[in-house]
Amino acid sequence: MKKVKQIRVLKPFDLLSEELVFIILDLISPNPSDLKSFSLTCKSFYQLESKHRGSLKPLRSDYLPRILTRYRNTTDLDLTFCPRVTDYALSVVGCLSGPTLRSLDLSRSGSFSAAGLLRLALKCVNLVEIDLSNATEMRDADAAVVAEARSLERLKLGRCKMLTDMGIGCIAVGCKKLNTVSLKWCVGVGDLGVGLLAVKCKDIRTLDLSYLPITGKCLHDILKLQHLEELLLEGCFGVDDDSLKSLRHDCKSLKKLDASSCQNLTHRGLTSLLSGAGYLQRLDLSHCSSVISLDFASSLKKVSALQSIRLDGCSVTPDGLKAIGTLCNSLKEVSLSKCVSVTDEGLSSLVMKLKDLRKLDITCCRKLSRVSITQIANSCPLLVSLKMESCSLVSREAFWLIGQKCRLLEELDLTDNEIDDEGLKSISSCLSLSSLKLGICLNITDKGLSYIGMGCSNLRELDLYRSVGITDVGISTIAQGCIHLETINISYCQDITDKSLVSLSKCSLLQTFESRGCPNITSQGLAAIAVRCKRLAKVDLKKCPSINDAGLLALAHFSQNLKQINVSDTAVTEVGLLSLANIGCLQNIAVVNSSGLRPSGVAAALLGCGGLRKAKLHASLRSLLPLSLIHHLEARGCAFLWKDNTLQAELDPKYWKQQLEEMAP
């Protein structure tokens, strides 16, 4: 009997080469749900997706054996969702990923020891980057084990407060290929350890020494590094004029210097620090104690090619700002946030020299008026970012100029300003606008918002916090015109109803939804967003009394990317809270003053949410929950925040704003 030949029927995708499929995967990789759909299409796609993926961010360390068995080409492993990573878990990583792994992030993980790190270092011989920030129990013995990872190029040890010079010395000797090192808040490390690092690791390009008890002594060695590009000295109180007096260097490679919060540094010390940094591009002097005067600005003579300067919280004089504009006229970014002494005269003399300015931050510069805004608009046509929160003396007419003259704006913060609908009409001409903050803008209405909806189709972020003139009509125009919206804040816009939520459900890319203090929204509106906005990651429903279990059940079923939720002061019971356990990536939950909750229901919900990192609960529950449960959850990586606030009547927004202004300096 003849055997019948089986004819293999080729499917269309069988003709695609592996390289072409990988290109397709690169294009859809930003959306995890698309990748999942692709891999579930057929066996060959499942295998190709497994072979292609190089970056993983698992929700729990328990999943590591299964995940790493499937994805054998993993090069970047991010375990920040895993608060508890044991030595066994690190052993699994070493055995299954081995020579393939190049980057590992343990910055929010604990429970591992030197033994686990040693297995990792010996197995992952090509590891070039590891983040061990927040390992507050890490000691010198652990650092000696890290030194076994000879291929390391980037190492972060922020807040490893038990480390000393000895541990850093071990790393310096063992990891000579290091080019990026962060020791921020490693308060046990001083001049000796930093000096050893500079002597042994000649390839260092980025060095973060913020809040270390160092002096200018170790800077002599650091500034000899031929490839050093970024040096961060934030909060280094030991770096003062005396310790820098004899400093002489020629660090032509240095491009960024952060000397913010160096309280003992004046223009004399800064002159020494900048003496050989002729190619410096970015300088941060925020919260320095010295007045930014003509003398201080003169220290910038050697860095005339500077492109960015931050003077947040500093006391500045008009002469100082004028000198900065004259000496550094190539500046593209200037930040004067909370510089309360900035005046129209000073700012105008600065910006009129900066024709290339792209970013300007004048947040809380309360002395500025229309004069400054006029000068900014006329002098800086290339501006892409303008932050001017709480510039309350700026009149309504000035905002019209911003829209007419600064058409390239992408980011605009007008929180707590006098802008009105005519101002919004002008700003709608900024077609590239992606972030617009209009919180506490009491003069705007739906009419003004409709201009934004029709003109700014690229809008990604919109903040309407306490802008009480906004209703469903305005939100509807935004939802229709700004379909790429990712973040919206409508908190305390009390006329908002479910109609707005139904409109916003058309914005399928929505990730952050804040509606705190909106009494007229219900679970029906929330369900509409949950069903259609699959990327939803953060939801704030505090003080929304009509939100109940039905809304949470919808979120639990449809919003599988939800990471943070606040349901304080709502009608939610333990039924809705328990349903949240169905969301595998939920990390933060806040539930305070919800009378429908029983301690047993809260306990069950907390146990069910296995990836929980932070829980904000009412203080009364602390004595009602079993102590063993609290200890168990803390061991699992969950931190508790107990709140004892009582319900307060909401203030009228105008009265609330008046109180805020009276508190301001």
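In case you wondered, yes, glycine gets a Cβ from its N, Cα and C as well.
If you look up Swiss-Prot, you'll see 11-60 marked as domain 'F-box'. Annotated repeat 'LRR 2' per Swiss-Prot: 82-108, in sequence order. Positions annotated as repeat 'LRR 4' by Swiss-Prot: 135-159. According to Swiss-Prot, the feature repeat 'LRR 6' maps to 186-211. According to Swiss-Prot, the repeat 'LRR 7' annotation covers 214-235. Marked as repeat 'LRR 9' by Swiss-Prot: 262-287. Per Swiss-Prot, the feature repeat 'LRR 10' maps to 288-312. Look at Swiss-Prot and you will find 313-338 tagged as repeat 'LRR 11'. Marked as repeat 'LRR 13' by Swiss-Prot: 365-390. Swiss-Prot lists 391-416 with the feature repeat 'LRR 14'. For 441-466, the entry in Swiss-Prot reads repeat 'LRR 16'. The repeat 'LRR 17' annotation in Swiss-Prot covers 467-492. Annotated repeat 'LRR 19' per Swiss-Prot: 518-543, in sequence order.
Averaged over the repeat 'LRR 4' (135-159), the predicted model has a pLDDT of 96. DSSP states for the repeat 'LRR 13' (365-390), grouped as helix (H, G, I), strand (E, B) and coil, give 10 helix, 3 strand, 13 coil. Of the two recorded stretches, the repeat 'LRR 6' (186-211) does not lie close to the repeat 'LRR 9' (262-287), with fewer than three CB pairs under 8 Å once pairs fewer than 6 apart in sequence are set aside.
Long-range contacts of the repeat 'LRR 13' (365-390) within its own chain (CB-CB distance under 8 A, at least 6 residues past either end) are made by residues 336-344, 347-348, 351-352, 354-359, 397-399, 401-402, 404-417, 432, 437, 664. Within its own chain, the repeat 'LRR 4' (135-159) is flanked in space by residues 106-107, 110, 113-114, 117-118, 120-122, 124-129, 166-168, 170-171, 173-175, 177-186, 203, 208, which lie at least six positions past its ends and keep a Cβ under 8 Å from the stretch.
For the repeat 'LRR 17' (467-492), same-chain residues at least 6 beyond its ends with a Cβ under 8 Å from one of its own Cβ atoms are 438-450, 452-461, 499-500, 503-504, 506-518, 535, 540, 650, 653. Applying DSSP to the repeat 'LRR 17' (467-492) sorts its residues as follows: 10 helix, 3 strand, 13 coil. Under 8 Å from some Cβ of the repeat 'LRR 14' (391-416) lie the Cβ atoms of residues 362-370, 372-374, 376-378, 380-385, 422-441, 443, 463, 465, 657, 660-661, all in the same chain and six or more residues away from its ends.
Mapped onto DSSP classes, the repeat 'LRR 7' (214-235) shows 4 helix, 3 strand, 15 coil. Here the repeat 'LRR 11' (313-338) is broken down by DSSP into helix, strand and coil counts: 10 helix, 4 strand, 12 coil.
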